[in-house]
Amino acid sequence: MKTSLQIAAEATPRPITQIAEELAIAEQFVEPYGRYRAKINLDLLDASHDRPRGKQILVTAMTPTPLGEGKTATTIGLGMALSRLGKRAICTLRQSSLGPVFGIKGGGSGGGYSQVIPLEDSLMHLTGDIHAVTQAHNQIAAMTDNSWYQKNRLGIDPEQIQIRRVLDVNDRFLRSITIGQGGSQHGIPRQTGFDITAASELMAILALVSGENHADVMRDLRQRIGRMVVAFTRQGQPITADDIQAAGAATVIMRNAIHPTLMQTIENTPVLMHGGPFANIAHGNASVVADQVGLRIADYVVTEAGFAMDMGGEKFFDIKCRAFDAKPAVVVLVATIRALKAHSGRWNIKPGRDLPTDLLQENPDAVYAGGANLQKHIRNAQLFGLPVVVALNSFPDDHPSEIEAVREIAMSAGAFDVAVSKVFSQGGVGGEELAEKVLAAIDQAGQAQFLYELEQPLTAKIATIATKIYGAAEVSYSEAASEQLAKLEANGFGNLPICMAKTHLSISHDPALKGAPTGYSFPIREVRASIGAGFIYPIAGDMMTMPGLSANPAAQQIDIDEHGNTVGLF
């Protein structure tokens, strides 16, 4: 089979103005960035206020291997399959961070015959939103340090400056640094570090702002940025971006980033790409405004939640769905036979290495042995009150006995149905079985619900997630984490939802624990607050907010030829 880049290069994208026209988006709301991408101005929300709302389909997954299990390709393929069945469908996806693109995991634009095109545009910069977030965030960070340096009228405690600088890169050398060296005219030395932009609170804000019209969204953006807690005083009082008078400038930098970007799939199904928060160190979903626009202009919005149901899936309901008045009608859970075998504990799949040859051999017993992971994710999804359709992402090495094992595992856990998805190799036609079963599930959909109430104490909400979703027996806190929780409660932030930062390679905090571990203690080592975004995020285990590069990063294979064509990109 051809590479994803070769397939993308042979595809024929249509002018983005035509894609917009077919969605009945008036020309005045389409702001092209070249021929094949365009910002959709949020004035469209005002103009489409009376349109009936579409239905939302949430795509998530079982716990992935480091290679990923094809969730984005499934999301795109399902959108294309719905279009083939005569439905007006649109996909909403996050914008890819350059960190994973040049790292090991790859981008978030799908692959094979189920991808967003033009591929390079979708992976490299798009319309500049991530750069706007980076600039705005670092502007606030610079003004925080400057406020402390310039007479410190707000009483900033330098040991409690919360905001760290960000870059859209994987770079472990920036995790812990000293700034302000070289004498007093260059600042005052202090320890800090960088996070990846996808972990920035401003990225989470961009993905969570909402409103009934353009003005509402802009107002919400300005207010959320103003509420960002950048530091504390020695007395424990929060200091915000408004306090240091940085919120206005940051909002101006991001004023164009609030508009979602319209792209298309390889079969010309429309895609809205907007927002890029990671799901392991942020809430991991495409923006609320992309969904709002999609629900106004399409009958079905297929959206993706990052990593697995315990990660982006849970956060989709308990964080994103609280930000606007819409909930999905069905959950699609992506599974692969290789991931099920990996969760048997018999193989150790590592990024950058070929799959063990014996893992590809027919072995339904290994599939059953890893089935607890898939079943746990199905039951987790059911906690939110919706039917679950399992999409088995098919690979050439899958065997009929293994496929039947997946069906038995899923149905015994209460899945609505199981569909074999071949969208990677066949495009939309390979997703028609999945689309038909999703539509059948929507006809019987229940009412989506939250996992916990916001009024519960922070520790109770954390315990609910850890025990009900992760299978832990208890939660343990470091001394620092306990103090941080107490300070947040004392400052009136106890009614915010929880955004757990943990590994995506296990339902637990420990990437070595496969399957569906139970009976363990879930450790919280640190608790941070994203008050502007509107959540508290505890950090479990050794979770890093700035990734590092592997020994053989993907960037080493990427180059350009004499005609300006990208080579080596997937």
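FYI, residue positions are counted from 1 along the chain as it appears here.
From the backbone N, Cα and C atoms, a Cβ is placed for every residue, glycine too.
Annotated in Swiss-Prot:
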type    : residues                               : note
BINDING : T65, P66, L67, G68, E69, G70, K71, T72 : ATP binding site
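With the fewest other C-beta atoms within 10 Å around its C-beta, T65 stands out among the binding-site residues T65, T72. Over all protein chains present, the Cβ of E69 (ATP binding site) has 24 other Cβ atoms lying within 10 Å. For G70 (ATP binding site), the same-chain residues 6+ apart in sequence whose C-beta sits under 8 angstroms from its C-beta are G111, V334, T336, N393, S421, F424. Long-range Cβ neighbours of K71 (ATP binding site) (same chain, at least 6 residues apart, Cβ-Cβ under 8 Å): V59, T60, A61, P64, E304, V334.
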